[in-house]
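Noted in TrEMBL for the protein shown:
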DOMAIN    A:64-111  domain 'NADH-Ubiquinone oxidoreductase (complex I) chain 5 N-terminal'
DOMAIN    A:128-424  domain 'NADH:quinone oxidoreductase/Mrp antiporter transmembrane'
DOMAIN    A:638-702  domain 'MrpA C-terminal/MbhD'
DOMAIN    A:715-792  domain 'MrpA C-terminal/MbhE'
TRANSMEM  A:6-24  transmembrane segment
TRANSMEM  A:111-128  transmembrane segment
TRANSMEM  A:134-153  transmembrane segment
TRANSMEM  A:165-187  transmembrane segment
TRANSMEM  A:272-292  transmembrane segment
TRANSMEM  A:299-323  transmembrane segment
TRANSMEM  A:335-361  transmembrane segment
TRANSMEM  A:429-451  transmembrane segment
TRANSMEM  A:533-550  transmembrane segment
TRANSMEM  A:626-648  transmembrane segment
TRANSMEM  A:712-732  transmembrane segment
TRANSMEM  A:774-793  transmembrane segment
Amino acid sequence: MTQVLLIFLPVVCALLIPLLFKKLPSIHTGWFVLLVPASLAVYYATFVTKLENHGPYTSTFHWVKSLDLSFTSYIDGLSLLFSLLITGIGALVVLYSIFYLDKNKEQLHNFYFYLLMFMTAMLGVVQSDHLISLYLFWELTSISSFLLIGYWYNRDKSRFGALKSMMITVFGGLMMLGGFLLVANMGDTYSIRDLVAQAPTLASSPYFVLALVLILLGAFTKSAQFPFYIWLPDAMEAPTPVSAYLHSATMVKAGIYLVARLTPIFAISEYWIWLVLGSGLITLFWGSFFALKQTDLKGILAFSTVSQLGLIMSMLGAAAISLHVDGGSSAIFKFAAFAAIFHLINHATFKGSLFMIAGIVDHETGTRDIRKLGGLMSLMPISFTVAAIGSLSMAGLPPFNGFLSKELFFTSMLALKEFTLFNFDTWGAIIPIIAWVASVFTFAYCLYFLYNTFIAKSDYKELPKKPHEAPFGMLISPIILASFVVIIFFIPNIIGKYFVKPAVLAIQPQLYRSASEIDITVKAFHGFKSTELWMTIAVVIVGFILFSTMKKWRKIYTLVPEKWSFNHLYDQLMLAADVGSKKLSNLYMTGAIRHYLMYMFACIVALVVTTLFLKDGFKFSFAHTAKIGIFEVAIVIVLIVGTLTVLLAKSRLTAIIALGAVGYSVALFFIIFNAPDLALTQLVIETVSVALFLLAFYHLPKRYRIEERMPFKINNFLIALGVGIMVTLLALSAQSQKLIPSISQYYKDTVFTEAGGGNIVNVILVDYRGFDTLFEITVLSIAGMAIIGMIKLRLSRKEKKSHENE
Amino acid sequence: MKMNNVILKTTTQVVFFIIFLFSIHIFLAGHFAPGGGFVGGLLTASALVLLLLTYDLKTVKNLLPINYMTLTAVGLLLALGTASLSAFFGEAFFMHYFDHFNIPLLGDTELHTAMIFDLGVYFVVVGVTMIIIQSIGGDE
């Protein structure tokens, strides 16, 4: 139970943050915050050794029992690794932010509240075993990321970036929810563990591929894969600790986590392999290619993150293949999952430190523009060392951990050539080439980042601040991360044993029974015969040439105009949604009641007539009709003449009188059809209403008293005709097919004996169905009061108007 | 323009009572013959309108000092009261009671709670019609 409740520890602690910020202004609030991730990190670290012998740890808190909703914390190798990354890097980032954010100028209570909220959300994402609570935490990461990007909310760019990331990730999140619901429906359970257990039967469902695509949409938008990566560069408007934490180490890896977690379910499908591998490779290439175009330090890092996430994603795609091969060649495919997790750890270490360095440079010089920076090496030696370690590791050079994961990456990509299923025999050969080219660009932008910031010559006077080395507190976190970069290079197999292999077991439970069965060891040196080594050497050489000739070929970035970019597409989409929907609603919301009436009548006619004929409801028979007498014909003629006069009259007075004639002929009808009560009422009411019409006519403003015939409009005519025909058809059909006899016989039998009356109409009104009458007289009273109100209250409105005029 | 409408006034004095009596008749006959509270109320209102047409608002108000708002309210109360009467006796809402009584002068007469309900309707109709006409007519 404590295990699941600890997920909520950060957000509960967050409630105290505003209090601490207000009551203890002398101490930087970050120091209190630091305790939370640090203690959680220690707590999760205790699992590392325990996990080897005892299986996964679960802990459940039922949330809505009747709907089978629960928060389940499921700690296996994969979620433990992520939890450690979240809390560990979280602690380092909080430490860094204590020195980065000024306690007097910044709204720290907001910042740390959002950050702790994000921490809970992220822990929830990686530990949830329940699909719905996973989705819940997933959206919470989107929301807290939105808040953190928009932290400096008085800047336009921050708000734009926050909105953009929100739109894209929430779009993906909603798609993912759809996929989750489909999967849960297929397997009849929300638990991921149970779904994994019945993976083979799920694949036969007709919705399997749809669910797969929807879930991948969620993962790709969150992890900034092609073409959804566009929000990540704009999210760099966030404070640097946020960029380091959310947009390099944790949140963007939520998609990676999801893909890894669901690999046992979906790896059976070739769509999964192609989509994950393909989008990963495209993202890898695209991100590394465009990183060289950026001039903003954080922009370079953002594109580099995109590219590295693509790399991890592509390896997860390759990891899915290993379920389809067995026998001798299978050993070579097993590297992919290991490599993916290994690189994930490495990326978190070096990218976190690089972001912090970018923040330090920004903090100490006042700019992040790489064109203004340069020559900081001698002024900021520690920062330079850390930056060098980070970027050379990212470039894939020894003796840093990036070298190991890049070698593993080449190994798994080269292995794809051996794979023959799913059209890989035709395309498999291209994949290592793409991977290699992307690595060349990666190498080039790492040099670009390092050289132009620290080594190239530059004039310091143009910088907004006089640059100097950062305070030591700010350097602690990047130094710790950078030392991990080096340490991991020397002890990769210890990391592999305790962190990577348990995670690989979670990704590929079909292949291994326990983590110790995974027989992969990482070697720094494979011997001169290995292709990977020669590929790396080629990367270094070509990448160096590419970097040194950058000025010459950089023009190709301007070849493709801005119009064709995805950012432009996004802007246009947002604009189209905004302007387009406004146009659309202006098109039909004209404000003219005539138009709305036309829509309503046209819809009613269309619906009723279509239903009548589709359901074969139209019947026409004279079986139950009475004979038509001479009086009826005469009155009908009067009625028609009266109606036509109303329509065609030039003068309103004529129309009113003709309307009266229509009313009186209806009264005559009532007499003929033996309804004396109705006839009486109709006569009196018609008289009253004609009098009221005349009153209204008398009070018409003079300039509206122009006497002219109602103009003929074809639309009105057609709709009126349609309504008339519809009502006629309906009445004929209703008359021609009576399902049950009328209940009037009962009234006839009991009107005297039960109700003590003789006039059935009146007895129905006051006795059988007196309820209606009660409310009809209420309606009358309300109408009377409303008329009084309208007439008497008008005075005060006049006064108000005169006030306004003053 | 002041005209001395002697003929109109004299006729009205006679006709008003005829219409009024007719409306009472129609109201009372409602349960067995065409008529009832609604038509009866409308006819009474038209008798009053005739008075209004012949004289003017003030005169009629002095003549018949009735607050039509109160009349409407009383009508609604009567109707609702009759309807809920049965509920007090533990029976269904809107249950009517009737019996035959031997009343001096009238002989065997049926008395029915529906009549009280109809009286409510009658009051409301008279009240509302007069409210509408008076408030429109009184508006300048």
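Placement of Cβ uses the backbone N, Cα and C atoms for every residue, glycine included.
At the 8 Å Cβ threshold, with sequence separation of at least 6, the transmembrane segment (A:533-550) lacks contact with the transmembrane segment (A:626-648), having fewer than 3 such pairs.
Model confidence over the domain 'MrpA C-terminal/MbhD' (A:638-702) is summarised by a mean pLDDT of 88. If you count C-beta pairs under 8 angstroms between the transmembrane segment (A:6-24) and each of A:111-128, A:134-153, A:165-187, A:335-361, A:429-451, the highest count goes to A:111-128. Residue counts of the domain 'MrpA C-terminal/MbhE' (A:715-792) by helix, strand and coil are 61 helix, 0 strand, 17 coil (DSSP-based).
If you count C-beta pairs under 8 angstroms between the transmembrane segment (A:299-323) and each of A:111-128, A:134-153, A:165-187, A:429-451, the highest count goes to A:429-451. Distant neighbours of the transmembrane segment (A:429-451): 277, 281, 284-285, 288-289, 291-292, 297, 300-301, 303-304, 307, 311, 314, 354, 370, 387-388, 391-392, 394-396, 406, 409-410, 413-414, 416-417, 535, 538-540, 542-544, 546-547, 550; these residues of the same chain sit at least 6 beyond its ends, with a Cβ under 8 Å from one of its Cβ atoms. Counting residues per DSSP class in helix, strand and coil order gives 28 helix, 8 strand, 12 coil for the domain 'NADH-Ubiquinone oxidoreductase (complex I) chain 5 N-terminal' (A:64-111).
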